[in-house]
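A short worksheet on the structure shown next.
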Amino acid sequence: MEPGRSPPGNGKEKQNESEGEGEGGFDICPRKQGGGVVLKPSLLAKNREVRRGSKSGGSKTVVLLGPGMVLLKGYLQLSDQQKIVEKCRELGVGSGGFYHPGYGQSKMHLKMMCLGKNWDPETGQYGDHRPFDGAKPPQIPPEFHHLVSNALAALPPDTPNPFPLPSIAPDICIVNFYSQTGRLGLHQDKDESEDSLRQGFPVVSFSIGDSADFLYSDHRDLDQPHKLLLNSGDVLIFGGPSRLIFHGVSVVHPNTAPALLLQNTNLRPGRLNLTFRHY
Ligand SMILES: O=C(O)CCC(=O)C(=O)O
Ligand SMILES: [Fe+2]
């Protein structure tokens, strides 16, 4: 199924997904054009989000989904989500930024940018440059490293046991932007080094913007995967015995992103996802 990150398309998404492609990388936060009407979130919604976002350290809700698979519900504070969006926007419009990936004749239903190392959907291999334009992927920003190590340190010591997860210093981050019709077929993240996979170094995944249905399954039940709603600010970690789960994104739920995040960043309708990995 790998690089099968793209299920067969119906052509509809392609129109939507070629939007915003210009000379530079795809802009996830296009600047407001004069004349447009910008709807402001209600005061109530704003206050609710400010209260949520100002909690120090984000949410403490930890959901154990399986051996080595943990969800930190609402972990990322709104201010951190905003910084992540702004940084991804800045890197995304530059060299090595967001592009519309594909393999063979098929396009994936998302925009992608790699940080640290390039992942090539054609070959499923990592490299130092993108084969199609020679660009070197931007470095993973130091603030992203901090967020990942803090998230891993937030796991209560007894939660992932008896499968404790090793901490990682990620050298790869794949950033996906899904439009509201974006999706990603069931696949395994298995192109990292044999050593990394054997040691069960976790994948750490940040969700920002619109909510989405995340499907996952072990090898035994690909026809009936589990479904998990990922909201803006959620951090999903899968490592140890769950490192090679099949997973994908079946649907993005339109207009579910925090209003304040949209207002402060002008993030396009859709969902941003960052997966940190150790090669
Ligand atoms: O968007 C997501 O939640 C998952 C992304 C993913 O599986 C990947 O980039 O390999
Ligand atoms: Fe994946």
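Glycine is no exception: its Cβ is also placed from the backbone N, Cα and C atoms.
These come from TrEMBL:
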type	residues	note
REGION	1-34	region 'Disordered'
DOMAIN	169-279	domain 'Fe2OG dioxygenase'
BINDING	His187, Asp189, His247	Fe cation binding site
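In three-state terms derived from DSSP, His187 (Fe cation binding site) belongs to an extended strand segment. Taking the binding-site residues His187, His247 in turn and counting surrounding C-beta atoms within 10 angstroms, the largest count is reached at His247. When averaged over the domain 'Fe2OG dioxygenase' (169-279), pLDDT in the model lands at 96. Other Cβ atoms within 10 Å of the Cβ of Asp189 (Fe cation binding site) number 21 in total over all chains.
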